[in-house]
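Asker: I'd like to ask some things about the structure below.
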Amino acid sequence: MISRILPAFESFAFKFLDFDGRATRLEYWCVIPLVWLFIFLMLPGDASEVWGHLLRREVPPLNPFHYGSLGLFLFTFIPRLSLTVRRLHDAGRSGRWAKLPFTAVSLGLVLSVGLLTAIPMSDPSGLGPGLMVAGAVTASLSGSFWEALFNLAAIANALDWDAILAMLLGVAAQADPGGVLDQTGAIAKHDPVLAFQYLFHFTLIALGPFIALLLHLYFMLLPSERGGNTHGTSPVPPRTREARGGEGNAYAGYAYLAKRTEEEERKLQAARMAQARELYQRRVLGKPGS
């Protein structure tokens with residue numbers, strides 16, 4: 001098994017600019033999950049370091065490779081992208097599908113911004129709108145970008161996030177999913193085309209990130225396309241009669257059923273020798289049979 005895993009990492013390292021080859025499922029799934037695991041393991045420590053600098057009103061290090069998670073993400077970006085493209089080629093798909101993760105992230109950011117602005121504004125207690133106004137005023141009164149970040153970090157550090165999280169969860173639990181359909185129905189009474197566009201865009205933003213990620217996962221799990229294609233020969237050895245170097249025999253499988261043990265072979269050989277000796281004595285030497 002190790003002999004199959006090590007070449008996957010060698011290919012990932014030395015084919016980082018190869019966007020036209022092929023890569024098997026083993027090559028992809030041995031490397032990519034491990035890279036993301038290291039990124040997420042280092043992310044909390046890097047975020048804590050940046051947060052500590054902001055609370056001390058210090059500008060954090062701006063070199064991205066100072067942080068392990070961000071440095072590993074940037075350092076492996078091109079190799080990960082090329083490996084994804086080669087995996088798509090190996091599955092017989094176009095390399096353009098490699099944009100699916102970027103689509104999921106983009107739609108996810110739009111969805112997150114929408115939720116972060118809509119949920120606090122729908123809080124009946126007024127706490128959500130108050131926090132948003134306080135943050136906006138603090139940012140506008142700050143003299144510079146870093147001064148604004150220092151002030152916002154100080155405010156965020158002084159807040160009771162347990163209470164805020166409970167408030168947001170309570171508002172989300174009281175949300176009416178049918179409100180979108182009601183609003184769509186109201187729009188459809190005046191303009192059916194506009195109602196369809198509204199529902200389509202809402203569905204795309206709400207479900208788009210999950211659909212894109214599931215589709216990307218599906219492509220990465222597809223088996224290798226047998227034989228060669230426009231991107232090269234299959235990394236998986238072909239199981240054909242030509243690969244075995246001869247014509248196939250439909251009855252070859254039955255040979256196993258008639259296979260004898262070593263003891264049976266010895267007895268059969270002895271019986272054949274005795275039969276041959278008896279025939280020689282009777283027909284050549286003229287001795288009567290026993």
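Glycine is treated like the rest: Cβ placed from N, Cα and C.
It should be emphasised that the depicted structure is a prediction, and the values quoted were computed from it without experimental measurement.
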Asker: Looking at 97-121, 247-271, which one does TrEMBL call transmembrane segment?
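Answerer: In TrEMBL, residues 97-121 carry the label transmembrane segment.
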Asker: According to TrEMBL, which stretch among 2-22, 65-85 corresponds to the feature transmembrane segment?
Answerer: 65-85
